[in-house]
Amino acid sequence: MVFKVPHHYEIMVDILFIRDLAMKAGKMIETGFSKSIPYDKKESYADLVTEVDKAVESYICQEILASFPSHKIIAEEGYSGNAELTCSPTWIIDPIDGTSNFVSRFPFVCVSIAYYVNKEPEVAVVYNPILKWMFHAIRNQGAFLNDKQICTSSLQVFLINLFSDLSQALVLTDWGGDRNPSVLDIKSSNIRQIISKVRGVRTMGSAALHMCQIAAGNGDIFFEFGIHCWDYAAAVLIVREAGGYCCNFDGKPVDLMARNVICAGTPELANALISLIQPVGYARD
């Protein structure tokens, strides 16, 4: 399937090209997953990077630039220096979302690739090579898991909206790698507030896959503070195309550089959770 980049960008981008990138990157991740992989620490002892992260990112970026040399790239490990997100065609890449899981051989890991034009997502792929989950979406053409169309959970959304409570909601979140005590205090307080109102809270260590679970109807709400654009740039489109809703904690449309996100089946669900939570202030990316 080929889609035409809108407005004045006349470059044709093939979803099969992007899926092939994700599959080949996935093979690199799968090979590393079976081994004991050394790692380095970045901003904290809970924020890790491996040589596999770097190799996957380098491979994806080189393949993109070979086909689209004028395109910009934003990637987690900073391949050749990250571009700013502008209206220009821009790829946003997380080579391994869930590196800590990867190091521990916990199978909730994925490669995330998103293509943006005019600061809006046009195509997205999130691939978990361990569990063989291939999520993809194209703007205005739906969201898919292994080529089967997916949608957010309509039954839970109906019940939650009807009774104006969250008692049947399954909430997904992540602690992130920030171990600042004051930040952890706020996040812990938020979890206490939420868990007293909802059916359950799950945290599995990958924002992209958490959001894809919302898109597939396997959870009701996802939120995270301290998140970076590469963590969820692809998943935003997948959630939207599955019929879901994404915003920042000020209720405004998603600003990828704002360091926070909430996604749910409907705006009402998102707002119900926002009312329970104290925001964690992070400087913009």
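Numbers here mean position along the shown chain, with the first residue as 1.
From the backbone N, Cα and C atoms, a Cβ is placed for every residue, glycine too.
What TrEMBL says about this protein:
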{"type": "BINDING", "residues": "Glu76, Asp94, Ile96, Asp97, Asp231", "note": "Mg(2+) binding site"}
Binding-site residues listed as Glu76, Asp94, Asp97, least Cβ neighbours within 10 Å: Glu76
For Asp231 (Mg(2+) binding site), the number of other Cβ atoms found within 10 Å of its own Cβ: 25
Glu76 (Mg(2+) binding site): secondary structure state under DSSP, collapsed to three categories: coil
Those residues of the chain, 6+ apart, with a Cβ under 8 Å from that of Ile96 (Mg(2+) binding site): Ile29, Thr50, Val52, Asp53, Val56, Phe102, Val109, Cys110, Val111
Non-site residues, in chain order, whose CB comes within 8 A of the mean position of the CB atoms of Glu76, Asp94, Ile96, Asp97, Asp231 at Mg(2+): Ile93, Pro95, Gly98, Thr99, Cys110, Val111, Ser112, Ser206, Ala207, Ala208, Trp230
Assigned conformation of Asp97 (Mg(2+) binding site) - DSSP reduced to three states: strand
